[in-house]
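Notes to accompany the following structure.
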Amino acid sequence: MFSSLMLVSLLVLTLPIMSSIFNTHKNSTFPHHVKNTISYAFITSLIPTMMFIHSGQETIISNWHWMTMQTLKLSLSFKLDYFSMIFVPVALFVTWSIMEFSLWYMHSDPYITRFFKYLLTFLITMMILVTANNLFQLFIGWEGVGIMSFLLIGWWYGRTDANTAALQAILYNRIGDIGFIMAMAWFLFNTNTWDLQQIFMLDPNLTNLPLLGLLLAATGKSAQFGLHPWLPSAMEGPTPVSALLHSSTMVVAGVFLLIRFHPLMENNKTIQSLTLCLGAITTLFTAICALTQNDIKKIIAFSTSSQLGLMIVTIGINQPYLAFLHICTHAFFKAMLFMCSGSIIHSLNDEQDIRKMGGLFNAMPFTTTSLIIGSLALTGMPFLTGFYSKDLIIETANTSYTNAWALLMTLIATSLTAVYSTRIIFFALLGQPRFLPLTLINENNPFLINSIKRLLIGSIFAGFFISNNIYPTTVPEMTMPTYMKLTALAVTILGFTLALELSLMTHNLKLEHSTSVFKFSNLLGYYPTIMHRLPPLANLSMSQKSASLLLDSIWLENILPKSISQFQMKTSILISTQKGQIKLYFLSFLITLTLSMLLFNLHE
Amino acid sequence: MLKIIIPTIMLMPLTWLSKKNMIWINTTTYSLLISLISLSLLNQPSNNSLNFSLMFFSDPLSAPLLVLTTWLLPLMLMASQHHLSKEPLTRKKLYITMLTMLQTFLIMTFTATELISFYILFEATLVPTLIIITRWGNQTERLNAGLYFLFYTLMGSLPLLVALISIQNLTGSLNFLLIQYWNQALPDSWSNIFLWLACMMAFMVKMPLYGLHLWLPKAHVEAPIAGSMVLAAILLKLGGYGMLRITTMLNPQTSFMAYPFLMLSLWGMIMTSSICLRQTDLKSLIAYSSVSHMALVIVAVLIQTPWSYMGATALMIAHGLTSSMLFCLANSNYERTHSRTMILARGLQTLLPLMAAWWLLASLTNLALPPSINLIGELFVVMSSFSWSNITIILMGANITITALYSLYMLITTQRGKYTHHINSIKPSFTRENALMALHMTPLLLLSLNPKIILGFTY
């Protein structure tokens, strides 16, 4: 009952794709069909989730035997444990809302059917990733979401920026994939299995190498520092794509992977400190980058990146359940933030610059409400969704024996979260309108309202429900001094007040000379400037000059074919000049003949 | 085996006796039927090989390659129709005859039991290929390409003949079926090192090994579409097949002789895939990508573990179908824009959306998207090279990344972006072309459901 219902809800998702193969004439209703299907899948998946919460029974199902190679058995196998059972309904719920939102956002797109098919395929690959029980199946989902993100970022394929961003996403993801493949190879070599439960049961020693690989994979997929620039660039895609892939589902895949492999990580201190530092650097760096951006989607993208860093920090302090909790709660309000920004962007005729917004408080009351609630949830305002995960994370980090620098960076980043949230609210919603007066603003579309409303309710209550059902396996600290308990709140409030004061104060001031701090933040820490120019230039000129021109066209040509033909040409010219010395020729024949007779007749 | 060979030979009279408007239909249908017969070989009921006679046998290694060969002939015929539409009837018939002849030789090469007959047929495949390249290529450079193709392969394989004769003298037999049981270690001496080189070089040139690969881009670029298809899909695999067969008798020399070639391949695959990043010529890009993929096969064969053999076999089949499909796609562009330059055919997705879907699928299989058989091949090779030496993962990983990059670069350049004005009035894609792509894609997809039939003899 439990597992079959879960499989039903996964199978339901494939129905629209199957049906679209057979009847192509009902194109106009296809998007609605997809949306309804996802809502059915969501409702179906709720039943097994409830049963799971009630009984706490983890299940592994093996369905279809794919092949057995030597000693390795590969079969279609699903792992229905706490993480997948909670994440599936959350992802389906968020996707349902985003699908409905896309009906409004993409309604004028001639290829809306294809867009929905892409989104649905993405959702299926994400479900494969989440429920996979062996590494190969996980890899299918892992690569699948990568490719779907390529296709969806490059949705407006006429634009160069979109194509570059799509390629960039694939490039960074692929670098991460090297780590994944290395981990697969290591596990195959050392544990002779790709099944998760077998790997954990064998609990191999010296797991630095595979865990480093997995960390690299997570760095690529979850846009951690070093491989982060693709996430803000991915905002070239349509807003529903940003809401679904680049905030709530695909980008958390890396964190999810680390959570999955937590049984191996919890005993490996080296990897944990690395994870912690990586997460802390990411969360601070991207929060700094978010401060000075003017593109509303970019700000939210950097904030996503920063939150992903926070999740990685949580894994670094050995609290995978909290990281998972943050994944779930983050999905609600971040998807909603993107949808709100989509609503604003669409209403202002594709204007994304927050400096050209302002005063939307009056024009778009519903969007404003949602945006503010979403921002507050993001900053961890008490009793909104974000509070239940974020506050716990900060508290646990505060009370754990951990790297003080990493902790400090995380705290600063938390404070900066409030700062950039205030900035969005201040510039986009408050003050005087700065957009063109003839813009037709209308947010009264049921698709828009309903979808945002659903996530709005989620952003208020979801954290409470999910955090109540979390397992007390790795116990968070129960008692702590008051000042530690209040740290998270204090830094957030500090961020809010500072940002508000600064914004009010400097609103009418002109920035004469941009300071180096400003430049650092605005140019994303000079990272793209350096990394997107020097290494590609070096690589491409290497491949052109040394690989293609020097080696292939000159050296390899000259060493073998050209020199031989030259040699043949020279000798034939030399020899073919007839001198008419018939006696000499015969003599040379005679010598050869005699020599060969002498040499080869000796061994009889 | 005669039930495949004789029908294939009978394709030639069929071609010459067919009516003018029936030559393509007759030959395509007939060769498709032959390929259906050959499918039964994929069922290898026992661990031993299927012996048909003293001359021919098939085992799990040769069967998939054989099926690929027979499968490709109808595809080549379908692909060449437009290319030959302006030619007189006799030349069309001659062309089909050449393809059929090549097919016959290839079938016999893959099923030969004797190394000498394998060698002779291996060389015999050069003749029809050479004629196809130099007669039906599009530019004058085709003559140069033909020279390169012929001389590289011949020079590489002549020492093999000497080596084979010497082995025949030593052991008294060159039968593949007997060699398996012979398995005697070669004594460690200088002459045996040369024996190893002589045996391997022929196939290394054919594969091609980096450094000896110059003939391949030239031949691929200059050949007509059917030539490119068969070169990429099957002729390169002759090298891999030969290496897999002959390494069994070259122990223990392989264990230390392999190092320089392994290094060269690992290095070469990075170099060639970097070259792909800078190619402007579509066919040349696909050709270099073949070199880079085949380097993986060389690595796999030289590592000599069961997993690497599985990976090599799977990768050969997967790459055969994928690269052939890419060449077909490149050709469909060429027939419309009359240029191989990528930038002249950009933005085609707007005009030919279905073709763009095929491009996407072909690029994705080329970059080894799971769960395609390309991934299975590459993954197994990476696994075995990782267990051979952990450091190779850096090179392999770099190659995987660059492969993804150039595949998608190719996709983006040809399909995405704004289309140029001179392709406003191009022809729509024909059903023939779509069918052609579908016939490439279907086996790839179906094989991912059950990859074990192409995993070779170590499965």
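The backbone N, Cα and C atoms fix where each Cβ goes, and this holds for glycine too.
Residues annotated as domain 'NADH:ubiquinone oxidoreductase chain 4 N-terminal' in TrEMBL: B:1-109. Computed over the domain 'NADH:ubiquinone oxidoreductase chain 4 N-terminal' (B:1-109), the whole-number mean pLDDT of the model equals 91.
The transmembrane segment annotation in TrEMBL covers B:21-41 (among others). Counting residues 6+ beyond its ends, the transmembrane segment (B:21-41) has Cβ neighbours under 8 Å at 3-4, 7-8, 11, 14-15, 50, 58, 63, 66-67, 70-71, 73-74, 77-78, 81, 89, 92-93, 96, 100, 103 in the same chain.
Remote same-chain partners of the transmembrane segment (B:61-80), defined as residues 6 or more beyond its termini with a Cβ less than 8 Å from a stretch Cβ, comprise 4, 8, 24, 27-29, 31-32, 34-35, 37-39, 41-42, 44, 95-96, 99-100, 103, 106-107, 110-111, 224-226, 229-230, 233-234, 237, 241, 244-245, 313, 316-317, 320-321, 324, 328, 331, 432, 435-436, 439-440, 443, 453-454, 456-457. Residues annotated as transmembrane segment in TrEMBL: B:61-80 (among others).
Annotation comment: TrEMBL describes B:92-110 (among others) as transmembrane segment.
Residues annotated as domain 'NADH:quinone oxidoreductase/Mrp antiporter transmembrane' in TrEMBL: B:112-397.
Sequence-remote contacts of a segment are chain residues at least 6 beyond its ends whose Cβ falls under 8 Å from one of its Cβ atoms, and for the transmembrane segment (B:116-133) they are 55, 95, 98-99, 101-102, 105-106, 108-109, 142, 145-146, 149-150, 153-154, 157, 160-161, 164, 168, 174, 176, 202, 219, 222-224, 226-227, 230-231, 235, 238, 242, 245. The transmembrane segment annotation in TrEMBL covers B:116-133 (among others).
Residues or ranges marked as transmembrane segment in TrEMBL: B:145-167 (among others).
Annotation source TrEMBL lists transmembrane segment at B:193-216 (among others).
Marked as transmembrane segment by TrEMBL: B:223-244 (among others). Long-range contacts of the transmembrane segment (B:223-244) within the same chain, counting only residues at least 6 positions beyond its ends with a Cβ under 8 Å from a Cβ of the stretch, are 61-62, 65, 68-69, 72, 75-77, 79-80, 83, 95, 99, 102, 106, 109-110, 118, 122, 125, 129, 132-133, 136-138, 142, 145, 200, 202-208, 216, 283, 286-287, 290, 294, 297-298, 301, 309, 312-313, 316, 319-321, 323-324, 327-328, 331, 456.
Annotation source TrEMBL lists transmembrane segment at B:256-277 (among others).
Under the heading transmembrane segment, TrEMBL lists B:284-303 (among others).
TrEMBL lists B:309-330 (among others) with the feature transmembrane segment.
The transmembrane segment annotation in TrEMBL covers B:351-369 (among others).
Marked as transmembrane segment by TrEMBL: B:389-412 (among others).
Taking every listed stretch (B:284-303, B:309-330, B:389-412) in turn, the largest tally of C-beta pairs under 8 A with the transmembrane segment (B:193-216) is reached by B:284-303. Below 8 angstroms of C-beta separation, residues 266-267, 269-270, 273-274, 276-277, 279, 282, 285, 289, 292, 296, 299, 342, 359-360, 363-364, 366-368, 378, 381-382 of the same chain, each at least six residues beyond the ends of the transmembrane segment (B:389-412), sit close to that stretch. The helix, strand and coil residue counts that DSSP assigns across the domain 'NADH:ubiquinone oxidoreductase chain 4 N-terminal' (B:1-109) are 79 helix, 5 strand, 25 coil.
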